[in-house]
């Protein structure tokens, strides 16, 4: 009874943290829209400053908010009963959406700069931002090739998983740092009368937006790094057809944990070799944060 109460309490803390994270991320997106519509020229695609405004809105919406949700999607307890393959598709799909929005936001910047004869790629913000997009695209491609498609051997997945996790979290943190550089740069360039140093209302709004981005990033990294909130080991495992087992190993169906020894009892009907292969596959694929 005491153990169950502790689990419920921990589950409650997770839900409270998740709700706070979603609220902070959603408010960040709203503030970015308030910024461009109330203080800037709105949104359009005509080479005007309104086209540039797509850049902060899409970066915050896709590269920050949606990428953050993609990182913690495996941590949601109500998804643990879903198949791991389904969760991989959801994880990869969210990251793909984030990448598309990031690329569109960069196209908007280049088109605006070219229309106004403004030099491209001269600031530290642009250097780090482009680097983040390139590595994010590479991370997504390798994630598809190694962890989603059924061709990579299990030992390769086991070797690459820690790198995949580390690089995913590093890219996410870099994106938030780059976003902070970008909104600061935009305020310095745009606020002339009154100047940024005079602390006009627009500066207050955007500074608050920056603080929310930091808070959102810290919450995502905290949730992603807590080992007791990770997707639990699979309880039920099924041997796939021989042609699939050769390439993929064994895909597993996830279920909510009732006891610490449940997966051992569920695998008694499988061979010892298949059991070891299932557990190895689960260990390699458990914490994907593309």
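Backbone N, Cα and C atoms are what each Cβ position is placed from, and that goes for glycine too.
Database features, via TrEMBL:
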type	residues	note
TRANSMEM	14-37	transmembrane segment
DOMAIN	20-225	domain 'Cytochrome b561'
TRANSMEM	57-77	transmembrane segment
TRANSMEM	89-110	transmembrane segment
TRANSMEM	130-151	transmembrane segment
TRANSMEM	163-183	transmembrane segment
TRANSMEM	203-224	transmembrane segment
REGION	243-290	region 'Disordered'
COMPBIAS	263-290	compositional bias 'Basic and acidic residues'
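When pLDDT values are averaged over the domain 'Cytochrome b561' (20-225), the model yields 96. Panel annotation: around the transmembrane segment (89-110), residues 45, 51-52, 54-59, 61-63, 66-67, 69-70, 73-74, 79, 120, 129-130, 133, 136-137, 140, 143-144, 148, 288, 290 of the same chain, lying at least six beyond its termini, place a Cβ under 8 Å from a Cβ of the stretch.
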